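What Swiss-Prot says about this protein:
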- 327-497: domain 'tr-type G' (DOMAIN)
- 336-343, 383-387, 437-440: GTP binding site (BINDING)
- 336-343: region 'G1' (REGION)
- 361-365: region 'G2' (REGION)
- 437-440: region 'G4' (REGION)
């Protein structure tokens with residue numbers, strides 16, 4: 001019985017104790033749980049900052065809900081919900097305070113501009129926690145909203161199943177229904193995000209700014225990412241093959257391989273490969289012809305524009321506009337014979353004494369001067385030498401001049417250089433004014449001079465011609481005003497105009513080299529304006545104008561048309577008469593100079609004297625009779641050197657040739673001496689001297705240096721030297737005749753001819769010519785000359801003598817013997 005009573009189950013009843021939560025929500029603020037709608041498993045997030053390890057499992061929450069359904073009433077359930085809301089709000093406040101703390105920390109780090117690597121890891125963790133807490137708050141809020149609709153359902157179901165459902169070891173029907181309701185709510189509204197817990201990484205300053213910024217679109221990229229993006233873009237561009245550009249290539253007559261590659265923007269190696277395909281082996285520095293260059297360019301896909309080499313000078317061609325033309329001063333050239341008073345006339349016109357500095361009163365080179373008259377008008381005069389050696393210089397002067405003044409001495413009349421000057425002026429088509437000088441001398445005849453001019457078709461105005469003839473006296477300054485008026489009248493009739501605008505151009509009057517100043521060039525500007533710093537090309541010389549000096553020695557900065565100036569800066573000495581032009585840059589000037597040098601070289605080769613076949617045989621055998629006189633000529637100005645060369649090359653050179661090793665402007669140098677020593681040459685200096693070192697070297701090497709100040713003395717001496725080098729002329733001089741009357745045979749001597757001197761004299765050892773019936777049968781020398789038995793040196797006319805010939809005994813009675821001597825005479829050119 002007792003046993004039965006003990007094992008009898010007790011009836012389930014409600015206790016008096018009140019249902020309560022064992023843990024407060026304060027301890028749950030460190031951790032929150034939510035339901036994954038799909039897997040129905042718990043996703044747990046822990047905060048490292050709070051250090052709480054509290055975890056609420058899904059089973060505990062469900063059991064708690066079951067007990068709540070059994071024991072709690074509606075008021076108790078509402079109280080729970082309010083507590084949950086407070087917990088959610090408290091969690092949000094904690095997260096907000098943490099974010100504000102991090103913001104302050106970031107601002108402090110930004111202002112201090114210091115490294116923040118220790119804070120960067122915490123910041124990343126805080127950012128993740130913030131995201132997690134936001135998700136948790138959203139889930140809690142949604143659960144609360146759903147639970148507000150649950151109490152009514154709970155009350156109904158509690159009444160139906162409160163008594164029926166067993167509670168021990170079982171879940172109540174209300175708990176099951178609540179679980180289903182929660183599952184529906186989770187399926188419909190709550191989707192728990194999947195959160196990955198990664199290892200924290202170090203943050204940079206830019207990342208902090210990005211986390212704290214509100215506008216995600218305005219975030220700045222890190223420098224490393226920008227750098228990586230740029231490198232990626234570069235690699236992308238490098239991997240893409242650039243599109244080839246095809247050009248129009250300008251090809252001259254001759255072009256270098258490297259220049260052709262540059263013109264096409266191709267690699268030199270590619271150009272060389274194309275040349276090899278064409279069978280041409282060339283490197284980058286070698287030149288090829290136009291046709292080959294065109295084939296290479298065409299094969300590479302480029303178009304070709306062929307130009308001639310002479311096209312480089314096209315930049316020098318320019319036309320002046322009519323509205324730019326202005327009146328300019330006339331350029332007057334003074335010509336005439338030696339010592340007729342050309343320089344004295346210029347002295348009188350510009351009131352200077354130039355003639356005093358000229359050797360012997362003879363002008364040695366061209367001078368250009370500008371004279372300003374009383375009314376302000378100007379005249380430019382060019383003085384040319386009167387010696388015949390300067391005919392080329394006079395012809396150049398006639399080409400650049402507007403008016404020619406022919407100076408004729410009233411007491412001397414028309415001479416050779418006067419006629420030559422008239423011919424130059426006529427050939428140039430330049431108006432002529434005749435100035436009859438020295439009318440102050442007694443016993444002069446002006447009419448005779450005018451009549452001589454008529455012979456050369458120079459007819460004065462008084463005789464119906466168009467030439468103005470003005471009698472003057474340069475020494476007494478008579479009628480100089482009339483001469484100036486005549487010049488200005490002719491200039492006005494010609495309407496001389498030029499444009500002072502644009503690049504300058506003109507003519508080289510003279511050039512020289514001066515120690516300490518370099519190359520000095522006298523030029524005459526014909527158009528445009530020349531300024532300091534302009535780059536000019538004159539012949540094959542070029543350079544930048546460094547300094548300009550006028551005819552009075554004053555430095556100027558610009559020169560207008562008809563103004564003669566002396567400039568410094570050319571790299572070489574140009575020739576008198578060369579045209580000069582201003583170009584844009586030094587490259588243009590260099591290209592033009594190189595082109596002109598090639599032309600001059602080709603011309604020199606084409607006109608070089610060719611040796612005859614006989615001369616070549618003589619040289620090959622070593623028996624050449626042609627002699628050479630090597631010379632080195634140095635002068636003070638280029639025009640004088642040219643005049644000397646022109647005169648020397650006119651000398652006859654049949655038996656001897658004049659060889660000019662070197663000619664130039666400037667003093668005699670050591671290199672000139674070395675060249676003269678190596679070639680056994682004579683150095684000729686015209687108005688220049690040798691330096692101390694050059695003199696020492698000349699004495700040591702025994703080099704002959706000769707100085708001259710007058711050109712015709714130099715020419716005469718060179719002519720004499722050449723004549724002395726010629727072989728002498730051998731001439732026969734007849735001295736007598738002998739008639740053979742008897743033949744004697746003498747033992748050990750041979751035949752002796754008894755003779756009678758019929759004419760002249762006979763000398764021992766003289767040359768003889770044996771004639772028989774007026775035919776020469778022997779020519780030799782006398783071996784013996786005796787009178788009776790004595791040897792004598794000579795026998796005169798009317799005396800008898802005995803004679804014998806060397807190595808010849810075929811003599812007969814009646815033969816005639818001519819006696820003569822061989823005389824040598826010096827040859828002259």
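A Cβ is built for glycine as well, from the same backbone N, Cα and C atoms used for every other residue.
Positions of the features from Swiss-Prot, shown on the structure.
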residue: 336; record: GTP binding site; DSSP class: strand
residue: 342; record: GTP binding site; DSSP class: helix
residue: 439; record: GTP binding site; DSSP class: coil
Number of Cβ atoms other than its own within 10 Å, given for residue 342 (GTP binding site): 28
Residues that sit under 8 angstroms from residue 439 (GTP binding site) by C-beta distance, when 6+ apart in the chain: 410, 446, 471, 472, 473, 478
Cβ neighbours of residue 336 (GTP binding site) where a neighbour is any other Cβ within 10 Å: 27
Surrounding CB atoms that lie within 10 Å of the CB of residue 339 (GTP binding site), all protein chains: 15
Stretch-averaged pLDDT - the domain 'tr-type G' (327-497): 79
